[in-house]
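**Q** Quick paste of what TrEMBL says about this protein:
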DOMAIN    67-301  domain 'K+ potassium transporter integral membrane'
DOMAIN    416-467  domain 'K+ potassium transporter integral membrane'
DOMAIN    480-646  domain 'K+ potassium transporter C-terminal'
TRANSMEM  100-122  transmembrane segment
TRANSMEM  187-204  transmembrane segment
TRANSMEM  216-232  transmembrane segment
TRANSMEM  244-262  transmembrane segment
TRANSMEM  288-312  transmembrane segment
TRANSMEM  332-356  transmembrane segment
TRANSMEM  389-408  transmembrane segment
TRANSMEM  428-448  transmembrane segment
Amino acid sequence: MEGTKIIDLMAEEDLEYLDINGSTNNDNGATIPSDRSSHEQRVAIDRSLSFTKIYTPPVYKPKTLILAYQSLGVVYGDLGTSPLNVLSSIALPHPSEEDLLGILSLIVWTTTVLVLIKYVFIVLHADDHGEGGTFALYSYLCRHINFSSKFTIRNTRLESDRNMRYYSQGSCIKSTTKRFLEGSTKAQTLLTFLVLLGTCMVIGDGALTPATCEDVVLLAVVLLVALFAFQSCGTSKVGFCFSPIMVTWFVSNAAIGIYNIIRYHPSILKGLSPLYIYKFFERRGKMAWDILGAVFLSITAVILTYAGEVAYLVQYPDQLGNAYYASIPEQIYWPMFIVSTLSAVVSSQSMISATFSIVKQSMALGCFPRVNIIHTSSKHEGQVYSPEINYILMVICVGLVVGFKGGVQLSNAYGAFMTSLLNKIPQGGWVPFAISAVFLVVMFSWTYGRSKKSLYEEERKMSLTEIGQMLSTTNLYRPPGFCFFCTDLVNGIPPIVRRYIQHTNSVREVMVIITVRTLPIKSVLPEERLVVGKLGPEGVYRCLVQFGYKDSPGMDGEDFIALVVGKLSEISETTGEKWKLRLAEESGAVFVVGRTILKSNKKKGWFARFVIDYLYRFLQKNCRAAVSALIVPPESTLQIGMVYEI
């Protein structure tokens, strides 16, 4: 950063989404509750100024019809365009009418079982304040279960958050499950790994879905580049623009499906009976099982469209490889070709948007390298865009289209019926595994490094006695002014303070340990932005700085310092203390931020050394710096480096 002074001495305290719980440490470093005695109340965080009591978020009532319309262009694109690929990706020589009825029955009952039973009755009830997915559920578990594993994703919500209206109340976790998870660090580690794996597989789908949008390679590349270029406009605008395409798609396909059923094979609807699945497997054996990988695509589809395609194929079974386009009536072929091409592109939007959201959640939990996250809506916290992730997905998708040259091989990369998919690894089934593996290495390395860094700092934090002794040293220079130490350490005083004082032999008269937190609300009012408290020695304070997702996380200028002085004056007990704060305000401030280099201990095994010294360090060098997330005055910033031997 231009104008930022760099001293290669000390510790990084990355500025991310942070916690504070109102506790402090005794001389031995043990935790002291903040409500035990009047003296302890003075040295602990002032809980009367806790976030729970000072902020009540506004209740936003969304316009349901508008959101439903937008969802057609974002969510339901992927849920309705699979008829383009399902039947054409089935390799079945000389299919009979009984075979086609069996395939239709497989499609119908796969859709019913996975969509209705799994999603409607299970997944929709497993949410965390409206957020779904593995990270949301893991975050829910972290708030109700005490994780003691050294390899875990940190929880970013406060204990007091349970009283807030947009957070869940209480725990629905059974006591037996809770006891088991709390008593087994291996289970906790396995759960963390599964969370990372499941998330990476979703991101893999996010890269794969756009690549299957079109068989014509040149046209596919052009449309994909245009699609990714359009992402910066935001989810709302994308949804409004894409929704008319999907309305046309659904209406026209339903009409064509009904037409094909009536014209070619009205009795095709008997394929709704699961009996034909049994007959199909009995007749085709292993080949029927292999087809499940393609049938899985149908869980995102319209039954009438499939029924119409199968009705057409009963009379023209040789057209199985081109089922969708062959079944379109000749008079409307070209209009439907245009609509289907546009719809195929739109179908990619849901996975792209989901990938942005997943990356945002994983960054908030400290298990993904820092990238730029832009909130594109002032009303909906979940509508985000990441330029870096957008271009990475674009490069992957274009590479897949060019490499596979579109067509069936990319469809072979899909599946959830794992044993069916394994048989297609040589024909493209390896793609989702490869993409997921790359992202898993990234997320695992970052999570492992961050957990080791947090553990290192937690073990070496300063006690109140130690900071008191250092500040009382006669040869310590104490010029007037503020010194803001930025940290993500939840409890105690970070080791960056110790090293700073040791190597500079000076510190300003007023020290403020700052942690920063971004909340799932649009904006935090200026008068509600700070939660402050004393940390024991005179002139040492703790400050929680809170921003909404649309706020500019700025701590520069006189307004910020004046706001800090005002809050600290409210808890000042003497006139001299207030006078010292005013003098410090006039003298200015310095912001101390850190940059840590992790180095693996030689006693560690080769795996730990490889992850820390190569993978994590590579990611740290190439991701956004922690200080870049905040607006701090560069002329008043000290960026301090330190090597942590993990």
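Along the chain as shown, the residues are counted starting at 1.
Every residue, even glycine, has its Cβ placed from backbone N, Cα and C.
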**Q** Hey, which of 216-232, 288-312, 332-356, 389-408 has the most Cβ-Cβ pairs under 8 Å against the transmembrane segment (187-204)?
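**A** If we count Cβ pairs closer than 8 Å to the transmembrane segment (187-204), 332-356 scores highest.
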**Q** Can at least 3 Cβ pairs under 8 A be found between the transmembrane segment (216-232) and the transmembrane segment (288-312), with each pair 6 or more apart in sequence?
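**A** No, these stretches are not in contact.
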**Q** Counting Cβ pairs under 8 Å to the transmembrane segment (332-356), which of 244-262, 288-312, 389-408 comes out on top?
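**A** Against the transmembrane segment (332-356), the leading stretch is 244-262.
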**Q** Hey, would you say the transmembrane segment (288-312) packs against the transmembrane segment (244-262), going by three or more CB pairs under 8 A that are 6+ residues apart?
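**A** Contact between the transmembrane segment (244-262) and the transmembrane segment (288-312): present, because at least 3 Cβ pairs are under 8 Å.
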